[in-house]
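Database features (TrEMBL):
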| type | residues | note |
| --- | --- | --- |
| DOMAIN | 5-122 | domain 'Response regulatory' |
| DOMAIN | 276-497 | domain 'Histidine kinase' |
| DOMAIN | 521-636 | domain 'Response regulatory' |
| MOD_RES | ASP54 | 4-aspartylphosphate |
| MOD_RES | ASP570 | 4-aspartylphosphate |
Amino acid sequence: MENTKILLLDDREENLISLKAILNRDDIDIYATTSTNEALRIVWENEIAVALVDVQMPGMDGFEFAETLYSNPKTREILIVFVTAISKETTYAVRGLKTGAIDYLYKPLDPYITNAKVDSLIKLARSQREIREKNKLLENYATIVLNSPDIIATVEPDTGSILSINPSVETILGIAPASLIRTSMLDLLVDPVKSGLREVLVKRSFVGGETIVVEDQFYGRLRQPVWLELRIMYKNRLLFVNLHDVEKRKAHELALIYAQAQAEKARKTKESFLANMSHEIRTPLNGIIGLGNLLSATELSDSQEELVNMLRQSSGSLLNILNDILDISKIDEGKFSIIPTSTDLRVLGKQIIDLMQFKADEKKLELRLEIDSRIPECVTVDGMRLNQILLNLIGNALKFTEKGSVTVKMEHLAETPAGHRIRFAVEDTGIGMSDEHLTNIFSEYGQASENTSHQYGGTGLGLTISQKLVRLMGSELEVNSRFHHGSQFFFTLIVPDANEKSGNGKPVVSFQNLPSFDGKKVLVAEDNPINALLLKKYLKAWQLNAVIVGNGKEAVEQLREELFDLIIMDTRMPEMDGFQAARVAREELHITTPILSLSATVLPEEISQALEAGMNDTLSKPFEPEKLHQKIDLLLSTIAPANVSEV
């Protein structure tokens, strides 16, 4: 603890020496002088707590010195004790006390009495100092409370009555502070019954001593509700409540909730649109592709075969555009996964060139493949997505090149601990792009110019999807281009060695040459007559006896009458859709016959809906007959049909 500072003032040096000897202790610092002027300087420059002052001195006596100290706010709190050898008369003592002194010491001084009085004075001085400091602190707190932008109140914990409240209540709620004294804070609430404050008061959860935070709506100006955050602390049998205006934050939260709801609504609208669009386009497209397959299996003249091939190419292009639109939606929603597998880049490159060669031949362009010999035989990469990216880039290059060549390059740049660093590039000698057009090249539906789509065709989605796929694979699709000199699209992947070689794949078999199923009975529910015809043709070729119905209601009626080995059900049909029909079959008829869902959408939500309805597997339209055959074979070999229950 800091020593107490004591002033000794006496015009005689020997008296000062005597006092110093009596007060020889470690808890005080003594300032001694024979001059009143020097004494005034000492008290002004130091925090003197106690002054022992001689009364009779030349010039300014002790009384005048005491009056001087008392008249100045800086020195008024000094405890003055007069030291005197003159009369002890009452009138004389009273005069000294009126000047501001608090006691007398009479000469000759008794050391015990002197030290005892000094002890008392030190305690008193320290108490007064603590009181002054606390008062100063309280003044600071009062200033903070009075000027705080928050409402600060003391509240009676049993009743909720307001004992004090600062002026901010008038700013925030429009109520004068004086009018709220002894008013229950609950009366200011919009809904006092369901309020957080009421719960705190009723449960007395504040007793634990922790600060409790709740939010309530209060009536503000013109009775408009205002959200306030209450921070409640219990101390000295009172509740100290800080009420902070959170109206803006609440409005922001509501705006975020509304925006989230709108985003969810937009997502569902988009999802519904994609599902409907997918269904409306894929259903007739399935018929077109299927009819092309049927025609290609018949005896055709050269000119007829050429027309059928053109039909199949056109329908394939339309399917690619549709898949592009759905792919970009799935990528944006984070529902797209990269699945690395063992891939032979040389085989992949050759298959791409073989697939695109006819387009190059149509325009009399040279289509080349250059693969670095340092590239290993097999690497681990998502071959399907890499194939999709390169097909998009080659398709674009062929589209915008009228003469010259298109070259696909795979260059081994380096071998790193993570794998082989390989640069994939597609170069062309086409029309190229200006710097202005390059800035828009990877945006959705963004082509080099507005008339590009009319002149060259396409949606402009291919590059957007390719860029997003490349990013999912951890790289960036870049472009170098000069107007009228051609373009180069390239990206770099780090791919590890594969542990095993990739499969070469099975040769394509015509649908009529696929294995038969020996007369199994199949119920087909399909409302589109062309798709129904295709299914009938496929099933007949595989020696399956098909019963065709036009909707889910007819399918349920048929299931009440006959046993089937397999049910093929479209999901979207009039009167009763496939989901409802499947539920009736499972829940009412208790049929365990395998059900294959044919859906014209590829959205995961509809696939999940089909499985939840009781269907065993799904197949998206348009489909190749080989895929349908695989699904049928799997269902017939793994799931045994059950008898129809009695109805």
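The backbone N, Cα and C atoms fix where each Cβ goes, glycine too.
Unlike curated entries, TrEMBL annotations are predicted automatically.
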Three-state composition of the domain 'Response regulatory' (521-636), taking helix and strand from DSSP: 55 helix, 24 strand, 37 coil
Alpha-carbon distance [ASP570 (4-aspartylphosphate); ASP54 (4-aspartylphosphate)] in Å: 116
Secondary structure tally of the domain 'Response regulatory' (5-122) (DSSP, helix then strand then coil): 51 helix, 28 strand, 39 coil
Rounded mean pLDDT for the residues that make up the domain 'Response regulatory' (521-636): 91
